[in-house]
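**Student:** So Swiss-Prot has the following annotated:
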TRANSMEM  8-28  transmembrane segment
TRANSMEM  45-65  transmembrane segment
TRANSMEM  75-95  transmembrane segment
TRANSMEM  102-122  transmembrane segment
TRANSMEM  131-151  transmembrane segment
TRANSMEM  157-177  transmembrane segment
TRANSMEM  204-224  transmembrane segment
TRANSMEM  231-251  transmembrane segment
TRANSMEM  270-290  transmembrane segment
TRANSMEM  291-311  transmembrane segment
TRANSMEM  325-345  transmembrane segment
TRANSMEM  349-369  transmembrane segment
């Protein structure tokens, strides 16, 4: 059976279009607010409302999938996201935009839960790594193309919203031509997110998603600031961020393939060790290109491998709940990491960004090594 079936390919095509829209809005919304002369703290609050929406959307999507299935949940999530986009055109104001970005955050989180859960339910122990690698490649490629679009088209609010909304609605079209079966509805008992978080045998995967959130959130949010403080121009900062993201895209498929072939545990250990090496190399400032490349290749691929580990520790009917727990863990890490790192950078030194990344990665590496004797490579439930 082929890994990349027709439903999988159509799902990833839809995700690519939706991610393009997400990337464009996430870049332009803060700029639109700044042009409207809103104070910085209000811009930050609007951004926080989006991530709060992510948390809320993550919590109830599993129940929605169980009730109405993958396809209808995907349509509903896309429509909620589109509503959050259209609402921005009404009036530029703090309270209104905070509300609309909260709604958009709910829709985006629902999309991620639906897509990730559908891929996990479609896969087996032999191909889940490659499926999640393809998912991350589509996500980062959409992010990259979204940034490219921002630099090429008009950034005016009323010029952007129509075609971004159209792109969101176009993201629904691929799934109109296929049906993703939800086998979870056949199970007698449903699982809760809290039960998945407490599952001892999946704890390494959950912890890996938290660490991944800390690492990626810190790199995405604070690497441009770090480079700015090194005296770089905006063009140079854009180049180095492109190197970082490109490394993450290029590393997805090889890491997924290696995880399927040699086991998640070995690949997780190597990834975390390489993140530590990349962080140390960034501190030396001797060779930024290779340091950023290996940091991106290892750091950006940690999440899908940790996900595959945790999901192979549960029964098939528990996959949606486990995926919710993992996305929630990643979101919490991506919120806490940048906040703590920014505080360290402001009060002490910019180098503490990489010291923090290396430190949390080292703690996770110790967990992976400590559990070597009692945590064998997981066997999937097919």
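Glycine is treated like the rest: Cβ placed from N, Cα and C.
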**Student:** Six or more residues beyond either end and a Cβ under 8 Å away: which residues meet both conditions relative to the transmembrane segment (75-95)?
**Tutor:** 18, 21-22, 25, 29, 32-33, 36, 38, 42, 45-46, 57, 61, 64, 68, 101-108, 110-111, 114, 157-158, 161, 164-165, 168-169, 171-172, 175
**Student:** What stretch, picked from 8-28, 45-65, 131-151, 325-345, has the most CB pairs under 8 A with the transmembrane segment (204-224)?
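**Tutor:** Answer is 325-345, with the largest number of Cβ pairs below 8 Å.
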**Student:** Cβ pairs under 8 Å with the transmembrane segment (102-122): which stretch of 131-151, 325-345, 349-369 has the most?
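**Tutor:** So the stretch in question is 131-151.
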**Student:** What residues in the same chain, six or more past the boundaries of the transmembrane segment (8-28), come closer than 8 Å to it by Cβ-Cβ distance?
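**Tutor:** Residues packing against the transmembrane segment (8-28) from afar: 50, 74, 78, 81, 85, 104, 108, 111, 115, 118-119, 122, 131, 134-135, 138-139, 141-147, 149-150, 155, 157, 160, 164-165, 167-168, 170-175, 177-178, 180.
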**Student:** Is it true that the transmembrane segment (270-290) and the transmembrane segment (349-369) have 3 or more CB pairs under 8 Å, sequence gap of 6 or more?
**Tutor:** yes
